[in-house]
Amino acid sequence: GWVRRRAAMHSASKSWLLLSGFVLFYIIYLLFGALVFSSIERPAEDELRRDTQRLKEAFLNQSCVSAATLELFLSRVLAANKHGVSVLRNSSSRSNWDLASSMFFANTLVTTVGYGHPTPLSDAGKAFSIAYALIGVPFTMLVLTACVQRIMQPLVLAPVGLLQRSGLKPRPATVVHFLLLLLAVVLCCFLAPAAVFSALEASWTFLDSVYFCFISLCTIGLGDFVPAARPGQPYRALYQVAVMVYLFIGLMMMYLLLRTFHKMADVHGLTTFFQLPRCEASLMDDDTEPIVGNDPTPPRPKDRPATKPLDPGSQPSYNSINKG
């Protein structure tokens, strides 16, 4: 009774404390990467900026420009622009490797979004990117998984249970819940942010903004649209931090949507039909064997072998799939 409730409360508090530690360390890791990238890449960027300015002055001093000189000028200007350095007067003042921009780059690196603007200039920056991503990418996946594990109960299991108590059977309840969650994700992670981006980015249409949100949250990151890259962008540092928060929350919701679809497929027998692993038996099962655990006792053995065919008519509900 009371002892069990107190133990459960202590375990839950410990779980949330550990999750908070994960998120805090993730932020510290991004700041560490930002400081290193800024210290390595900013001098290289300044040198490239000076070289480009000298090239521009030499080109303007030419009384008669030959085809070879023009080709050389254009090739070097395009190469500098690839690294975020422009010869335009209104683009030469800001750095792409200040603290906020470096943190933004580190965030796109470890989330595998990778817009490609800017990119490391120096060999040291490229080598550090490899080492930083080797640790940062799996750690980001760990933090996202732990966060999704925490929101599965209030956003997935509890709503499906409520739908079942209202009279729906398990299968219709899972379909209705998935469609509602899909609608919420589309509105909150695509359409609403797209409206904000189209208002902040003067050259983006609403369709461009929706396209950017989709490319980003699917971690495709083509780099044809990059936020806060416009010269003279007001509150640029704050804007970049807001985009980082959006990317993290958006990726978390996309992962939650995939987990929900997987569980719905379990209930409808699709995973059995296609001989795929069930959600609670998958390697990413953070519900029955949580990453941020609530129960120190070992999990109970399965009641039935994994190879035993399941009757689609007797598939369990979400509440019976997950008891964690």
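Backbone N, Cα and C atoms are what each Cβ position is placed from, and that goes for glycine too.
Under the heading transmembrane segment, TrEMBL lists 16-37 (among others). With a cut-off of 8 Å between Cβ atoms, the residues of this chain six or more beyond the transmembrane segment (16-37) that come close are 97, 99-100, 102-103, 105-107, 109-110, 120, 125, 128-129, 132, 135-136, 139-140, 142-143, 146-147, 150, 244, 292.
Marked as transmembrane segment by TrEMBL: 58-79 (among others).
Residues or ranges marked as domain 'Potassium channel' by TrEMBL: 91-152 (among others).
Among the features that TrEMBL reports, transmembrane segment is placed at 99-118 (among others).
Feature annotation from TrEMBL assigns transmembrane segment to 130-152 (among others).
Positions annotated as transmembrane segment by TrEMBL: 172-197 (among others).
The annotation domain 'Potassium channel' is assigned in TrEMBL to 186-264 (among others). The average pLDDT computed over the domain 'Potassium channel' (186-264) stands at 93.
Annotation comment: TrEMBL describes 209-226 (among others) as transmembrane segment.
Among the features that TrEMBL reports, transmembrane segment is placed at 238-258 (among others).
Positions annotated as region 'Disordered' by TrEMBL: 285-324.
Residues or ranges marked as compositional bias 'Polar residues' by TrEMBL: 314-324.
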Would you list the DSSP helix, strand and coil counts for the residues of the domain 'Potassium channel' (186-264)? 56 helix, 0 strand, 23 coil
Summed over the domain 'Potassium channel' (91-152), the DSSP helix, strand and coil counts are 43 helix, 0 strand, 19 coil
